[in-house]
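Right, one structure below, let's go through it.
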Amino acid sequence: MPDDLLTQDAPATYDASSIEVLEGLEPVRKRPGMYIGGTDERALHHLVAEVLDNSMDEAVAGHANRIEVELHADHAMTIRDNGRGIPIDPHPKFPEKSALEVILCTLHAGGKFSGKAYETSGGLHGVGASVVNALSDSMVVQVARDKTLYEQRFSRGVPLGPVEKVGAAPNRRGTTVTFHADADIFGHHKFKPARLFKSIRSKAYLFSGVEIRWKSAIDDGETPQEATFHFPGGLSDYLRETMNGASTYAEAPFSGTVDFQQKFRTPGKVEWAINWTPSRDGFLQSYCNTVPTPEGGTHVAGFWAAILKGIKAYGELVGNKKAAQITREDLIAGGCALVSCFIREPEFVGQTKDRLATVEAQRLVENAVRDHFDNWLAADTKSAGAILDFLVLRAEERMRRRQEKETQRKSATKKLRLPGKLVDCSSNTREGTELFIVEGDSAGGSAKMARDRKTQALLPLRGKILNVLGAASSKLGSNAEINDLTQALGVGLGSRFNIDDLRYDRIIIMTDADVDGAHIASLLMTFFFTQMRPMIDAGHLYLACPPLFRLTQGAKRVYCIDEAEKNELLEKGIGGKGKIDVSRFKGLGEMDAKDLKETTMDPASRKLIRVTIDEDEPGETGDLVERLMGKKPELRFQYIQENARFVAELDV
Ligand SMILES: Nc1ncnc2c1ncn2[C@@H]1O[C@H](COP(=O)(O)OP(=O)(O)OP(=O)(O)O)[C@@H](O)[C@H]1O
Ligand SMILES: [Mg+2]
Ligand SMILES: [Mg+2]
């Protein structure tokens, strides 16, 4: 599409009045971590993602079809699109300022809150552009609109002058942002051409309606200094490229696109591609509105649910009884998958948008993929058979391994000296067993009655365990609480840790829903992270989510995780008769066994959070420990709080 065609299509309603202001700018330079997850290399590259995402949003909304990304010799970055251009007319709320200035100098100013100017955008907070501006020692924004070229310059978030007309732009429109990251913030970190190249290329795969041009003045010896990306083949091409010639069970990947509008009468779509291979570990890369979500989220949960249900149903259809044993774990092991969804008003965890939290996405993606998968399996019986056999094999292997461990556990249990206060479960196999690490003895009381004796064990911990990050390893061995814990788990510390010795399937930290509880949980997580990391990697560590409130109305009883949920329910009503009675649990000990079981312990009704670590980014893990254990308790608490609200990775 040539530029002028796009110009004619642009609706007249996208102007300053579509930009809403919710709050003022200030803390970005003081606390960059809050907005871009740190000040390291990953955070630096996130600046480019923010500006590029804004151009991608223009493209996905149908207003731009070309984006140029350029890395200059001085490490400044330019991102240019041929979209509508950021509005430059005076903003209705601040008549003395242009919308451009409001957008770049105000947090929470944006055109993506209402869905009027954009339908399914990656941007949603109205924060990205202003954050990049605040963290750049120089930023120049040029807007070509109405045949005129406008420009405004900034330094560290402060305008150096008003927006000015700098020339004519008869055949051009769009936004050009050039910024230079502030070394006061990012220190010695510099842009890496290879990293930029990779993320830009993936953007082009995610939206075939855009052409992205890459240019770099810096030669790293491996990355092309110029390239043009346009991939009409979308995700299945991307998957083929990513799998890099590995042999696969299906001849062609199972891939497709479903338009939610057509199918469910709601805006958005999902695109996916998956194939299984014997020759490498599986992976899943997920995106929402072209924003990478390395930690997955609801769209990913929906995707795996569709695949799992589909393959099991197919197994039943062809009379393969063993298909019923397949779990999500088996699917993931050799499955290489890409999932990209576009939804309206996505909810992410944090400004770096690592995880999608929109509940709706799970149902939409699952339903969309499920139909297609059933048809695909039925149509290509050769591939379907090969995949089914492979997955059944994986399931059997997994069960055999577990069996071996169970036998080991039995004999290990006899030999082991178990701590006196451990309330063990009666099952003598590891499969399906859980250890609840509970805070305080009083909680232990109701937990004892609430537990399932066969599969649920309890270990009450008294007081706060040693702040192990500060302690030398030699001190660890002499700490009584830590000794009890490692004995109960059946494992050694650090290099002596062997995951096969683990005596339980799930280790669940269950602490009060208050600051102290959060502190203890973070101490424990840090301890596990530094001493028993493979246990976290293999997905054995969980946080329980005890509720904070109980609402009773006549015979009706409901529980709420936090203040917000309580208020919402009080407003909506809970469907009982008479007055609503609110009780707040000060700690686990205040809950009776029935409450505790129903809300926190019973696998049928509880919520659990699986503790995970983002492996991709080396900077990340350090951050986690720092955030959990650093000098600021409020950050720790925030971490727990943020995560405690997220319940997408529900217990099954
Ligand atoms: N390249 C662009 N073309 C057109 N409008 C833009 C462009 N970049 C930014 N905008 C406008 O500026 C607003 C603010 O951008 P900003 O990145 O600060 O927030 P956002 O994209 O709304 O949300 P997020 O903080 O999640 O990125 C956008 O909502 C959009 O209206
Ligand atoms: Mg944005
Ligand atoms: Mg903004």
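Using N, Cα and C of the backbone, Cβ positions are placed for all residues, glycine too.
ATP is bound by Tyr14, Asp81, Gly123, Leu124, His125, Gly126, Val127, Gly128, Ala129, Lys353 in TrEMBL, and the record lists one more residue there from Asn54, Asn171, Asn320, Asn428, which is Asn54.
Separation of the C-alpha atoms of Gly128 (ATP binding site) and His519 (site 'Interaction with DNA'): 31 Å, rounded to the nearest whole number. Tyr14 (ATP binding site) sits 48 Å from His519 (site 'Interaction with DNA'), taking the C-alpha atoms as the reference points. Per-residue pLDDT, averaged over the domain 'Toprim' (433-547), rounds to 81. Close contacts with ligand 2, defined as a Cβ under 6 Å from any of its atoms, occur at Gly128 among the binding-site residues Tyr14, Asp81, Leu124, Gly126, Gly128, Lys353. Candidate binding-site residues: Tyr14, Leu124, Gly126. Those with a Cβ under 6 Å from ligand 1, in sequence order, are Leu124, Gly126. Ligand 3 lies under 6 Å from the Cβ of the following recorded positions, listed in sequence order from Tyr14, Asp81, Leu124, Gly126, Lys353, His519: Gly126.
Here the CA atom of His519 (site 'Interaction with DNA') lies 32 Å from the CA atom of Gly126 (ATP binding site). Across the fold, the C-alpha of Lys353 (ATP binding site) and the C-alpha of His519 (site 'Interaction with DNA') stand 25 Å from each other.
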